[in-house]
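As structure tokens, the structure follows; a few thoughts come after it.
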Amino acid sequence: MLDIKKIRQEPDFYKEKLATRGVKPEEIDEVIALDKKRRELLQQTETMKAQRNEASKKIGEAKRNGESADAAIKETRELGDKIKELDTEVEANDAELHDKMAHLPNVPHDGVPVSLTEDGAVELRKVGKVRDFDFEPKHHWDIGENLGILDFDRAGKVSGARFVYYLGLGAQLERAVYNFMLDEHMKEGYTEVLPPYIVNADSMYGTGQFPKFKEGVYQVNGEDMTLIPTAEVPLTNYYRGEVIPTEELPVYVTALTPSFRSEAGAAGRDTRGLIRMHQFNKVEMVKYTKPENSWDELEKMTANAENILKKLNLPYHVITLTTGDMSFTASETHDLELWMPAQNKYREVSSCSNCLDFQARRMHTQYRDENGKLQYVHTLNGSGLAVGRTVAAILENYQNADGSVTIPEVLVPYMHGVTKITKENAVPFRNKVNK
């Protein structure tokens, strides 16, 4: 949520900045008009309340003097009725103002590349050497299905499109990856959390998914509950409506959770493989910090995500997203994209964002500064990382000509010493068939 006082004071600044995110100038004008009307209505209400107080005094004076108080009583009642009408009008105006404010995205940070599409993202750095294959690299879904560790067909039978069964060493690889990620983040000072997977509408509003993006999630019929699209929601809402003790800042938390997304609007895109699923595991990083430290914390968070990829020895690059491609709540976002050999391109595996006080205002999450004054915290979130996409990148980058997959060295201890996935060892209950 943006600060209405700042919009009132600098309307042209907000029109210019939010235009880069697709917001029309008229939308800012509407907010300013509603804010002006609100202040006028409140002034009228205060004036009438003062008049009613004066009329009430006249009633007492008339009774003390043995005079008729009928006129003063009538005036008091009429003013009371008008105040009730104004209160109703204020309530309706506030609801409309709140709704329009809730649909305005965060202001992009200076230097964020300006574009209403994803085109124009700026590459910050490229890390790792892209492997030169002496054979035609296969897609991860073909590798996984050939080894028997990924079963999309049976998942389709049981659940539908965009679901998968991980089997045998495939399931162990997924588990190895997310356990490795969590361990690495805890080394960097993050506290592991196991949060709820179902949240209420207030939580979805707090992190900015509601009201604008309801079509992208799974809601429980007949209840004010939603399956989380990301652990960002329960992690960031942990302190909703609270004042965080200053000595606790900055707070770093991390969690592994499933993420549930309807993928509305994704028809025809990434219909095969692990890239775009309705249910997938993701390790999330969330930070609460003082405003003066949030940009440094964004760089640290991005480095935390990069650390995983470096230790897995997976080639990737880091880009700054455009104004039109950032998430609704972000002021700046750094994306990490993994190299996928079979697709011959980079694919997103992490987004690290500084949301400034945008989410904190929606959640009413504050701290006290050195003068004891309440201030909004800044919140940051980042994937650390999307597990399925990381597994997909491992399958493609570590594949061998015979169809086997070598396990990244750092994951071997998490795989109980297994160094390679082959048809012979991939799925134990099929071993007798493969032998």
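The backbone N, Cα and C atoms fix where each Cβ goes, and this holds for glycine too.
What Swiss-Prot says about this one:
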REGION    48-68  region 'Disordered'
COMPBIAS  49-68  compositional bias 'Basic and acidic residues'
BINDING   Thr230, Ala231, Glu232, Glu284, Ser383  L-serine binding site
BINDING   Arg261, Ser262, Glu263, Glu348, Val349, Ser350, Ser351  ATP binding site
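Location within the structure of each feature annotated in Swiss-Prot.
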residue : record                : DSSP (3 states)
Thr230  : L-serine binding site : coil
Arg261  : ATP binding site      : coil
Glu284  : L-serine binding site : strand
Ser350  : ATP binding site      : strand
Ser383  : L-serine binding site : strand
### Nearest-integer angstrom distance between the alpha carbons (Cα) of Glu232 (L-serine binding site) and Ser262 (ATP binding site)
17
### Summary
Among the binding-site residues listed as Thr230, Ala231, Glu284, Ser383, the Cα nearest the Cα of Arg261 (ATP binding site) belongs to Thr230
### C-alpha spacing of Ser383 (L-serine binding site) relative to Ser350 (ATP binding site), in angstrom
5
### Additional residues around L-serine, ordered along the sequence, whose Cβ is within 8 Å of the centroid of Thr230, Ala231, Glu232, Glu284, Ser383
Val233, Leu235, Ala255, Thr257, Ser259, Lys282, Val283, Met285, Val286, Asn381, Gly382
#### Entry: Recorded ATP binding residues, Arg261, Ser262, Glu263, Glu348, Val349, Ser350, Ser351 - maximal Cα separation rounded to whole Å
19
### Task
Any same-chain residues 6+ apart from Ser383 (L-serine binding site) with CB under 8 Å of its CB? Would you list them in sequence order, or say none?
Lys282, Val283, Glu284, Met285, Ala305, Val349, Ser350, Ser351, Cys352
### Distance from Glu348 (ATP binding site) back to Ala231 (L-serine binding site), taken between C-alpha atoms, in Å
17
### Task
Please find which two of Thr230, Ala231, Glu232, Glu284, Ser383 have the most distant C-alpha atoms, given that the record lists them as binding L-serine, and give only that distance in angstrom, rounded to a whole number.
9
### Task
Taking the Cβ of Glu348 (ATP binding site) as the reference point, list residues of the same chain whose Cβ is under 8 angstroms away and which are at least six residues distant in sequence.
Asp335, Leu336, Glu337, Leu338, Ala386, Arg389
### Message
Sequence gap of 6 or more, Cβ distance under 8 Å: name the residues on the same chain that satisfy this around Ser262 (ATP binding site), in order along the sequence.
### Response
Glu215, Gly216, Val217, Tyr218, His278
### Task
Determine, to the nearest whole angstrom, how far the Cα atom of Glu263 (ATP binding site) is from the Cα atom of Thr230 (L-serine binding site).
13
### Query
In sequence order, which residues at least six apart in the same chain have a CB under 8 Å from the CB of Thr230 (L-serine binding site)?
Thr257, Ser259, Lys282, Glu284, Asn381
### Query
Which residue, out of the binding-site residues Glu232, Glu263, Glu284, shows the minimum number of other Cβ atoms inside 10 Å of its Cβ in this structure?
Glu263
